[in-house]
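**Student:** I have a structure here, written as structure tokens, and I will follow up with some questions on it.
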There are 6 protein chains.
Amino acid sequence: MSGFTHFDEAGQAHMVGVAEKSETRRIARAVGKIIMQPATLKLILEGGAKKGDVLGVARIAAIQASKRTSELIPLCHPLALTKVGVEFNVDESNAAIECIVTAETLGRTGVEMEALTAASVGLLTIYDMCKAVDRGMRMDGIRLLEKQGGKSGHWVAAE
Amino acid sequence: MSGFTHFDEAGQAHMVGVAEKSETRRIARAVGKIIMQPATLKLILEGGAKKGDVLGVARIAAIQASKRTSELIPLCHPLALTKVGVEFNVDESNAAIECIVTAETLGRTGVEMEALTAASVGLLTIYDMCKAVDRGMRMDGIRLLEKQGGKSGHWVAAE
Amino acid sequence: MSGFTHFDEAGQAHMVGVAEKSETRRIARAVGKIIMQPATLKLILEGGAKKGDVLGVARIAAIQASKRTSELIPLCHPLALTKVGVEFNVDESNAAIECIVTAETLGRTGVEMEALTAASVGLLTIYDMCKAVDRGMRMDGIRLLEKQGGKSGHWVAAE
Amino acid sequence: MSGFTHFDEAGQAHMVGVAEKSETRRIARAVGKIIMQPATLKLILEGGAKKGDVLGVARIAAIQASKRTSELIPLCHPLALTKVGVEFNVDESNAAIECIVTAETLGRTGVEMEALTAASVGLLTIYDMCKAVDRGMRMDGIRLLEKQGGKSGHWVAAE
Amino acid sequence: MSGFTHFDEAGQAHMVGVAEKSETRRIARAVGKIIMQPATLKLILEGGAKKGDVLGVARIAAIQASKRTSELIPLCHPLALTKVGVEFNVDESNAAIECIVTAETLGRTGVEMEALTAASVGLLTIYDMCKAVDRGMRMDGIRLLEKQGGKSGHWVAAE
Amino acid sequence: MSGFTHFDEAGQAHMVGVAEKSETRRIARAVGKIIMQPATLKLILEGGAKKGDVLGVARIAAIQASKRTSELIPLCHPLALTKVGVEFNVDESNAAIECIVTAETLGRTGVEMEALTAASVGLLTIYDMCKAVDRGMRMDGIRLLEKQGGKSGHWVAAE
């Protein structure tokens, strides 16, 4: 046994059976940030007010990506999200934007991957829209913050 | 003007015109890593040999994601990739796995987003397959390493 | 507050939470028509009998589009349709074809968008197949006819 | 012969051969509008300024839909768009919003369907975001305005 | 009446209503094989051990295809798979590889098409990866082996 | 070296580089058949005339699947098909329907996978539409018939 549930006893990848799991309300919250040059952040913040709305576009991309998660992650179960919210926090002192995604479903499997995928695509979209002025941006700290529902109960990231 | 090419003069998002750009060979290389507990890395490395092949699955996910980039990133142009390669490097001392993606096309727009999207999805797939044993894994340092072709020529990330 | 449920209190787009809504049988019926030259309609009607079956192709396109609705409409919830039917009515005196779609689900959100999206794509497919002979066709009157299920109960379009 | 190019001599649907056509710059412009209650339009216009940005979301939906056209319209050729722009015009006296899409490619087939599909999905997205306050909105006048490139040359809609 | 449930009384294709069906655990098992030259099979088997893992890639492709079934098969209902497993059996004496897929859901419609689609795409992926050395491979005997759940109960293929 | 081009020297799957290949007209023709009970075939043939048109639906499904090939087959290059045709031949004496697909592109890689994928999905769609009356249908002999263009030139299947 490999210790990973995504492989069967013979070590072959499979989409693990969840029919026996109970249908509960499951929530996951994921975060990630993109670090850029101060001048790039300034352009983004000006745009939100009256020019191009980088974060508005990134928010839509994140929400739409959450719905494609099971197409992108091979062993993910398809599931019907009941809620997705995307929040951007600007950290001016570090010239960074943080993206926090909350995803929810009523189902038999968790929504961690939906939240993480949405956060990643939200950050990638910021990169795409700003890359002409700042090719060296870096995405960091993409991780799960919190998870509720299911057998494993409430999990909160350390620190 | 916002300074961002993805907005027109009125600040409205658009898919920018590239018909005038010349068709050249364009290559991009992106990187990212996932940091985990040493025990998780040990399980992955054992699996590659004779049990579940986490990195083999992640590689396929990354390649497939590169082909879906223009569906995920709203203002990306669709393009026909001519080559995609994915390399994983294990950093045992830091309990991390690095994912490097090289993407190539013959076309009028660059393939940075394809390489970055593939790297992100490769890392997310590792997360998915290992999350049952290590929910606190973190994805870091997702960024462009190098870019060739097009008007801006050869760009290499600092350091 | 904007009055629109698709935005949160800060005015940011989100996929609104529906976990608290009850799962009921929901039905929506949408309509739209395409107006063309009489000669174009004549060709379509002849084709249905023994040559190319324009409406048969459009019907399949409409059904398939209903299943892609949550990919196309950013803030739509994914849902599992339990039934989709597409009906075409020919209005020879106005040289028009009407497309009526009925969609149904057992779920927590309505299926208006699925019915409307299917009707739109059904009409677009007719346009595509006939555009070589009649580029000036026009799609009109795409709207919801009726909606059942959910908290808002039975709604029927005026007139 | 049916007069429609999308059917072969036996009346069977096919994706018509375009390899012999020359690769030219092709542009299409399509339009459509959505008619609503004056109070709904008022809410949208207020939102654009400081609350929820309905038109910003609809613009992104339209652009993304243009890239999915060949998946939605069965006999459409896949093609690589080089530019897509979406413009909304508010007609306050008629309580309507007009959506104009310009699509461009360098290729062997026209981009009419891409422009029309984008306009339709842009309008559907407005409907989706406002349907909680105005279920009776109606989409009208979806049609091609103009077409350039290819053997048929420059075509402009009458009136 | 045509005898086929996928058409209504007028002979028009529709996605048949399943809201009245009860939600039960439904399982389907499908099989298919690909026949090749003995030298090709030898290369695949060597690869699995230490070179390219053809069957590992084909397994992922099969699992992912099962999730796209309702997009590919026009009148299929979308459904949320709860489990998918893919098994490959090597038949060295006939130079063939057999692919068996087991799919499961809790729902109102069966998962035969998901199992059959996954098996087909698994075999097509083997073809793709080996076609450079053996273009004449043939896929045979793709069929349903077994089906459980729903009104029709347990069905097992003859022989 | 594994002998398979889809793996690099280290045996890792990749999307092989084709930028150096020349752009030529490439055509592939694939075939497959579905074998059923004589009564099932009779129902299909009656339907084509005046009831449900099984083969018309299957033809559209096949054409649409050809456009999704690179999403389904992990290491396939995305390409812009210039033509797809689908032909059904009825073999009454063996109670079978044969599906022949011809695909064409102008590009740097062949279209064998597009033709084979389309044929497979065409047959799967026939299975889907008839499975309520004949669950034991079998798909056989899915293979490449012919291939033109590219370095390997004209290839025709034996016999």
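Backbone N, Cα and C atoms are what each Cβ position is placed from, and that goes for glycine too.
The following feature annotations were taken from TrEMBL:
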DOMAIN    A:15-150  domain 'Molybdopterin cofactor biosynthesis C (MoaC)'
BINDING   A:Leu75, A:Cys76, A:His77, A:Met113, A:Glu114  substrate binding site
ACT_SITE  A:Asp128  active site
**Student:** Give the helix, strand or coil assignment DSSP yields for A:Asp128 (active site).
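**Tutor:** A:Asp128 (active site) sits in a helix per DSSP.
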**Student:** What is the separation, in Å, between the Cα atoms of A:Cys76 (substrate binding site) and A:Asp128 (active site)?
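**Tutor:** Just about 26 Å between their Cα atoms.
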**Student:** Using a 10 Å cut-off on Cβ-Cβ distances across all protein chains shown, tell me which of the binding-site residues (A:Leu75, A:Met113) has the largest neighbour count.
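**Tutor:** Max Cβ neighbours within 10 Å, all protein chains included: A:Met113.
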**Student:** Using DSSP, what's the helix, strand and coil tally for the domain 'Molybdopterin cofactor biosynthesis C (MoaC)' (A:15-150)?
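**Tutor:** For that range the per-state counts are 52 helix, 47 strand, 37 coil.
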**Student:** Determine, to the nearest whole angstrom, how far the Cα atom of A:Asp128 (active site) is from the Cα atom of A:Glu114 (substrate binding site).
**Tutor:** 21
**Student:** Which recorded positions among A:Cys76, A:His77, A:Glu114, A:Asp128 have a Cβ sitting under 8 Å from any chain B Cβ?
**Tutor:** A:Cys76, A:Asp128
**Student:** Restricting to the same chain and to sequence separations of six or more, state which residues have a Cβ under 8 Å from that of A:Glu114 (substrate binding site).
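**Tutor:** Non-local contacts for A:Glu114 (substrate binding site): A:Ala28, A:Ser66, A:Thr69, A:Leu79, A:Leu81, A:Val84, A:Ala103, A:Thr105.
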**Student:** For the substrate binding residues given in the record (A:Leu75, A:Cys76, A:His77, A:Met113, A:Glu114), what is the largest pairwise C-alpha separation in angstrom?
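**Tutor:** The span, Cα to Cα at its widest, is 13 Å.
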**Student:** Just counting, how many other CB atoms are there within 10 A of the CB of the residue listed as 'active site'?
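**Tutor:** For the residue listed as 'active site', the 10 Å Cβ neighbour count is 24.
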**Student:** Tell me, how many other CB atoms lie within 10 A of the CB of A:Cys76 (substrate binding site), whichever protein chain they belong to?
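**Tutor:** Its Cβ shell of radius 10 Å holds 25 other Cβ atoms.
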**Student:** Which residues in the same chain, at least 6 apart in sequence, have a Cβ under 8 Å from the Cβ of A:His77 (substrate binding site)?
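**Tutor:** In sequence order, A:Met15, A:Val18, A:Ser70, A:Arg108, A:Thr109 meet the Cβ cut-off.
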**Student:** List which of the recorded positions A:Leu75, A:His77, A:Glu114, A:Asp128 have a Cβ under 8 Å from any Cβ of chain E, in sequence order, or say none.
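**Tutor:** Contact set vs E: A:Leu75, A:His77.
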